[in-house]
Amino acid sequence: MSAVRWGRGAAGFGRALWPAGTPGLLAEEGALGGVWGRKRSSTASPCEQDRRKDWGHAELLEVLKARVRQLQAEGMAEVTVKRVAKRVAVARAPEAGGAQPPRQAPAGAKGAGAKGAAATLSSRWAQKLDSDQQLMEKRKQRLEGKLQKRVEKGAWQKQLRLEPRLLSRKLASQLQHWEQGAPRSPWEEQLAQLLQEAPHRLSSEAAAAPADRGPESRLEGQQQRLLSFFECCLLTGHLPLAHHVLVTHHSKSQQQRLLTLSMYNMVMLGWARQGSFKELTYVFFMLKDAGLAPDLQSYAAALQCMGRLDQDAGTIRRCLKQMAQDGLQLQGLFTAVPLSAEERAELLRAVRKAKPTFTPPRPPVPPPQVNTSPLLREIYAKQDPAVSYPRLHLSLKELQGLFQQQLRVEMATTITVESVEKVPLLTKEVLHARKTLAGLRTRWRTALYRELQETKESEAHAAREGRLSLFPYLCLLSEKEVVRMLLQTLQALPAQGESLLFLAHELGLRVFKRKQLRNEVQELEQRYSKYLHLLASDTQVAEPCLPRQHWEALGVPEAPHEQPWPMSVVVQLGKQLAEVLVRAAQMPSSLAAPRSPGTLIPVLYHVYSFRSFRQIGILKPHPAFTQLLETAAERTLTFESTDVPMLCPPLPWTSPHSGAFLLSPTKMMRSVEGSQQHQLLLERCPPAELHGALDALTQLGNCAWRVNGRVLDLVLQLFADKGCPRLGVPAPPSEAPRPPEGRRAPNRCLLPEVSPAEKAEMRRELARRLKVAREMQSLRADALYRLSLARHLRHRVFWLPHNMDFRGRTYPCSPHFNHLGSDLARALLEFAQGRPLGPHGLNWLKIHLVNLTGLKKRESLQARRDYADELMEDILDSADRPMTGRKWWMEADEPWQALACCMEVARAVRAPDPAAYVSHFPVHQDGSCNGLQHYAALGRDSVGAASVNLLPSDLPQDVYSEVAAQVEVFRRQDAEQGVQVAQVLEGFISRKVVKQTVMTVVYGVTRYGGRLQIEKRLREIHDFPQDFVWEASHYLVRQVFNSLQEMFSGTRSIQIKGGLQSLTFSSSVDTSQKPNTLKQKNGFPPNFIHSLDSSHMMLTALHCYRKGLTFVSVHDCFWTHAADVAVMNQVCREQFVRLHSQPILHNLSRFLIERFCSDPRTSKSIWVSRLMDTLLSVPKTGTFNLEQVKHSTYFFS
């Protein structure tokens, strides 16, 4: 092996570059390519290869040696560029005694040519050396950065205080004595004595003290922030920091009042997991100093730590003895304390040292809880052999593969989808914009990493001072994840900006949701595979049951519910991240002004704007950046994994916080973030009482979907070609109205000759155009998301997990692509599982098609079928040539759904046997003004019942047409009396104009809201004189309300009574905030009716599931296969009768009296007496017989 000679300084380094005994110049490829370059084939001998390898090792050792010298003497100068240049010079012209010079060229080659070749080789060698030296310098810098971080982390850990500062002098001296006598007095002995001296229970004064210190809500908020801070410290491995903050708060009497037993326990549990008994004892000292008594969790932490340290049995016995004296049961450690498998094993190990024969009790099997509601008795009765729960059309193996795909999506937390925007021509401008964006993003990543590190250092400094900071929250995700999330936020920011509060809230929530991802993937996979046996087409289960029941029968322990972070923490964290993004995202000013100097300017800037008379801060992107994005026209969209449909059946709902997605936490009841009242009520509710809602949500989510490809292709064609607003396909921003020009140009407002009235008109016109442009941009973005997801999911089966609001109304969790959207959104979806049409399915398809046209609303079902047969030529033409034929489908009320139905009818009628044709098309059955149906049933109002099809009849009653007819009567009377607006409205009062207002009156719409609805409908009529829109809408809303009062006198009295029943307080978590009584009064009736229609829907869903039907709903619109419409209609009528056979109003009266009038302290007040009288005055009901609903063909049709 060749030796390498090492020298000092530049000359020594120059000598070291040459292998000993090599008389000639190194090969051109050789010097660095073999070590750091790409591996190449070489004809060099093994001996020469060894020499080259040694040469590379020599240079690497020199770099490391220089680094060691730098660490040993920080004042020593580093290797500089001058020294590198000097070494290069030495290499080119070696000194005496240095390396051997290059071999002499042959005599024939001497001369100018030989000298030039030698100079070229030497120059190229020097350039290569310079390049690789720079590479090594970069590596050195990275190494220095890592070393510096380690040094800083070690120094930071030393600054954290572990020894407690006790307020009790006696305990402080005792702790000091024990610390000095530690060798003679083990920490275990100290803990045993502490436990004996600890208070056996909290005194009543200590327990009540926090409630007397300031406002209760403020105290709870501070305690929640502290608890979440400690939790995040444990999750991120910063236990010493949590201990330090605990010590700091404990040492100050005012701050100590914020600390609770659960906080001490949390830090103790952290030390127990690490086997750090000394620090755990410190926490016990603080616990005693605070006057708190240890509970089961405290003892579990201490015993777990003893088990990890394998301590003697004597200390453990004293600990167990003290626990018994405190009235705590040993079995409770294993049944009442949430423990992981490892923690349970260590705890058991400690206990068995003191009690070798101890056997931990098995987890208690909760008694079977059965829902006792009379409405659900049949659902949860012993299984009927005739029950036939539906199965999916996929095999077990296919479903397991889909589970793996969904698992990968959720573990990645985001999914990237190709956009459906029109592909731009790859011009030089587009390519340059994309290259510029790529360069900016690379720069932003580096800047974001730097800003995040600086922010963490700042927050860590605050935490070292004992203050609550965001440091542990910022450590929950890796810097790479945070940077990716911030860049996605920047990419998705709209051109008009976003509220800083909203943006901060969203960023904070995204961190929280990612934090909650669970790691029990392998266990989940095994359980889910067993669960799929209930759903797969090729497996069997011992006893058919509901999905929730099957999941619970698998013995799946429910994960402990993680409390949400306080709203202040979420917003503060999000605001901090938004500020990091603002500071890091910069771009050259030349992008905004080409002639400006190349300075950096912010990409985002903060401005203030007024919205609804409130000043709010908005974060807006620079117009130059927006223009750059538009020019680049990138074709990818990034979504959160919870914002897209699932690729496998959702987890069944088993509790208010467990169900739907595999790993991503989802709440059963959606609510405003930060509000806790609904969640608290759900937690207190007995589990059995929630079974109906849980099972209904599971059933709705288990419906498999697929994309209607033919409709999607047509929509994409229009979307790429300037859209078609008439058909619900939004136009691109290029079609938005531009600012006025000429005499109405905005800059003319600055001219002195323009009058104030003209300026005001210009401003109004400009504001109107800007509003239209923003609305178009919003609609376009919504359609872009929906269509991009549709194309991404094409040829796939997917599921839509559901949750609900506080009224029980259900919604898909996926916000961008679901069946609750517009006509276009519904037309893109169809059932993934088909079913043969059977003898009547084709007839229902025809009826459904006519319903979608908006025609024949007051005709019988037979008449609608006959009408469809008459139009069969147009139907087939629409199916075959939708864009080039007669385009009959475009005139329908719901054109895209009508087109999809035309295509389905065409395929069915052309099939050899229409009854055997497998249809995937969902057929809808709508309630006839469902809110009024519930009001009429509550009041047993015969007149109202007849108007909304609760009574059997040969022809359907259309309340919207009746109201329109009644309004027309009023209009005609006023027109005869010379009322101008009534004369203008002649020929314009239609069902469509009044429908939305009639529908929402029962849901609490005001006259103002109704006027806006009618105004919108009138503006859609091109022939209507637009100058009369405002006056006509005022006139019509008044007449609509008058018509409803005449038609539904009994029903209206019930609605007014319902409003009076809410003239009371409303319980709230924040007791310092008085509820808005007017909003409570106006909101109660519609919310109560919504809860009734959602109850009816859930009952229908559960009973349809028992009969093996596919069932989904859009509130009061029920969907199923064409072959099963008759069965669904029967179930729907039966469950409506069962629901309203209950004494609903009397139950409501009794509940409100118990809720608001049962407090003995206020029972004698005047307002309570008045309230009691109101609540007891339940309206008398009419003579309508509910059983007649079962025979009403047009109840839902």
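From the backbone N, Cα and C atoms, a Cβ is placed for every residue, glycine too.
Heads up, TrEMBL stuff is auto-annotated, nobody curated it.
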Pick from 728-747, 1068-1087: which range does TrEMBL record as region 'Disordered'?
728-747
Quick check on the annotations: TrEMBL lists region 'Disordered' for one of 92-119, 428-455, 540-567, 848-875. Which range is it?
92-119
In the predicted model, what is the mean pLDDT computed over the repeat 'PPR' (260-294)?
87
Per DSSP, how many helix, strand and coil residues does the repeat 'PPR' (260-294) have?
27 helix, 0 strand, 8 coil
